[in-house]
Amino acid sequence: MKFSGGIAPSWVVIQGVGTVLIAFFLVVAEDCDPWIWAGYAVSAAAWLVFVATIGRRPRIAVPALIASTVTAAALAGPAAGMTATIITLLTIGRFAGLTVASGRLIGVVVAADLVLVCGGCLLWDRTAWDVGGATAAVAVSALCGLSRRQTDFRVVQTEQLLEQTRRAHAEHARAAALDERTRIAREIHDVLAHSLGALGVQLELAEALLAERDDREAALTTIRRARRLAVDGLGEAREAVAALRQDLPSLPEAVTRLVEVHRRDRGPVELDLCGEVAVPTVAAVALTAVAREALTNAAKHAPGTPVAVELRAGDQGVRLQVANDLPDGPARGTGFGLTGMRERLELAGGTLNAGPDGGDRWLVTAEVRR
């Protein structure tokens, strides 16, 4: 509902009814004085100007309605019958209901009408009943208009609030979608970079085996391992894309798959799942990435040694632990490692700790609180 460029449909009906009533009471008016009829003509013409312009040009409509109601109020005393009073009631009630007029202006015009009606009736020696009745009727009409004005304002405010809420929801949904896409892009980037990096290492190794040792069997084994890495990387990338279709496997399923691949290709691993694991998608992807990186590092720095994976859910959140034997020599950096895992957990609102457990084991612990 817009009051600056249009009016409510109910006001259109009221103005139509008001026009009919004004015309009717002018027809049945008992006045004979020409100057009274001149006043009626001014008031009626100003009302028609108001009706014609309120929807498009409120700056013209408001002064026109003021002229209509003040002229009619000035005629309430000298005019015979109730025609002037009825026109005053109709016009002041409509003016008090205007949302395009300020409250101060409405108060001034209402006060002017009350003074003109009451003063005119007293000046023209009307009965006390006429004075009191006309004055009270003008006041009641103004109050009714003000009440409707407040209702219209509340309707406008409610619609504006609803529109702001809709816009806020739309912006929130858009931001969430952009955040989700950014997360998926990061996941695909990290998966492909990790897989392609490992693939490059294997291909370099195969090249060295062929060029320096002419060991075709070892080179063939290395190429097969590289092929498997490529297949695994493609599968991981597909899982990242699946998040956009809402068919990403659950965290226990994703960790179980990683454990099975590690057990098949790299070495023994034990998996312990405890509790009902239910976390948001972003946290599930982050914890899956941590498990993948931790298992890869275990196979790289302590190949063939047992690995223990524990995924435990509790009241406070979800904890993932990956433990493996410490390497015999100094570990070589991968370019991703702890920094990449920690960044993932921070984006998901989690924490990461990695280091020796005080004995001969390397422990990676990732936690996401609920």
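Quick reminder: no glycine exception, Cβ is built from N, Cα and C everywhere.
As recorded in TrEMBL, the features of this protein are as follows:
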DOMAIN    286-361  domain 'Histidine kinase/HSP90-like ATPase'
TRANSMEM  12-29  transmembrane segment
TRANSMEM  35-54  transmembrane segment
TRANSMEM  66-93  transmembrane segment
TRANSMEM  105-124  transmembrane segment
> What stretch, picked from 35-54, 66-93, 105-124, has the most CB pairs under 8 A with the transmembrane segment (12-29)?
Replying inline: 66-93
>> Quick test of the contact rule: Cβ under 8 Å, at least six residues beyond the ends. What residues does that give for the transmembrane segment (66-93)?
In response: 18, 21-22, 25-26, 28-33, 36, 39-40, 42-44, 46-47, 50, 109-110, 112-113, 116-117, 119-124, 126, 134, 137-138, 141-142, 144-145
> Under DSSP, the domain 'Histidine kinase/HSP90-like ATPase' (286-361) has how many residues in helix, strand and coil?
Replying inline: 27 helix, 24 strand, 25 coil
